[in-house]
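Listed features, source TrEMBL:
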type     : residues            : note
ACT_SITE : H115                : active site, nucleophile
BINDING  : D8, H60, H103, E134 : Zn(2+) 2 binding site
BINDING  : D8, E10             : Zn(2+) 1 binding site
Amino acid sequence: MRIFISADMEGATGVTSIAQCDSRRPEYAFGCKMQQRDVLAAVRGALDGGADEVIVNDAHSHMTNLDIGEWPKGARLTSGSPKTLGMMEGFDECDGIFFLCYHAMAGTQCAVLDHTIDPNVVYSVKLNGLEVGEIGINAAAAAGKKIPVALVTGDDAACREARALWGDTVVTAAVKKARGRLAATCLGPEETYKVIYDAAIKAAQLVRGKKASVMDFAPSWTAEIAFLKTAQCDVAATLPFVERLDGRRVRFGGSDPVGMRCCVSAVLDLAGTAPF
Ligand SMILES: [Zn+2]
């Protein structure tokens, strides 16, 4: 059995500020240290829960945050970017998926560093009419290959968002309680290591027993994106497969959920080139 871990940073133990997730800032070293620790807890839990191999995909920003120096035997690291499937690169080679250090979607009240893919571009994303963030978008892509997402870690808001999508069939581990976008009460790393490790064992066992759930997502999909700026919408609307709905919103669709993940990234990356 092979487990895929998509590892973001905003939902890591102790992380509450933008600077801690930004490689140009001195506080970034702390973000990396906490992300690394949470990810290693999940890797060791997955291995002890029966995984033969764990593939960690570094999924934050430039995707070179994690340090392979501490990787245990049986773990792999997919490092660097760009990658065709971005945060989900390589998921289709695995039997079950963990989302580590994830965060709630843009616009969530009381959620640490809430955003959806690009905080300077996205106001909201809807898939098949349902507003989703990275948890929902990435799980929908996984649903295209019928691969279950068994574990989500992050703040309490990210965990709630995951449970709203899968009910109780997804294991969640909250490492902090949000008190706003830029504040949280955090458990210490010693405690979260154990919480994540135990959750990862349980999640790996669910995958192994084929009891982990795949998100319910109709393969024939429609995505609707609302941008923060009209100029971003102007740029996105130049793509031939994109239909403009109004000043801020575009819509596009297809029949392959994995292709959906690529299309959403492509539209957002292009929109992000618009001058403000
Ligand atoms: Zn991130």
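Along the chain as shown, residues are numbered 1 onward.
Keep in mind that glycine also has a Cβ here, set from the backbone N, Cα and C atoms.
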*Whose Cβ, among the recorded positions H60, H103, H115, has more other Cβ atoms within 10 Å than any of the rest?*
H103
*Select the closest residue to E10 (Zn(2+) 1 binding site) from the following recorded positions, measuring between CA atoms: H60, H103, H115, E134.*
H103
_Residues other than D8, H60, H103, E134 within 8 Å, Cβ to Cβ centroid, of the Zn(2+) 2 site?_
M9, E10, G11, A59, M87, C101, Y102, G154
*asked:* If the criterion is a C-beta within less than 6 angstroms of any ligand 1 atom, which of the recorded positions D8, E10, H115, E134 pass it? List them in sequence order.
replied: D8, E10
*What's the CA to CA span in angstrom from H60 (Zn(2+) 2 binding site) over to the residue listed as 'active site, nucleophile'?*
13
_Cα-to-Cα gap, E134 (Zn(2+) 2 binding site) vs H115 (active site, nucleophile), nearest whole Å_ = 8
*Chain-internal residues near D8 (Zn(2+) 2 binding site), provided their CB is under 8 angstroms and they sit 6+ positions away*: Q35, A59, H60, M87, F99, L100, C101, Y102, H103, E134, G154
*Determine, from DSSP, whether E134 (Zn(2+) 2 binding site) sits in helix, strand or coil.*
helix
*Counting across all protein chains shown, how many other Cβ atoms sit within 10 Å of the Cβ of E134 (Zn(2+) 2 binding site)?*
27
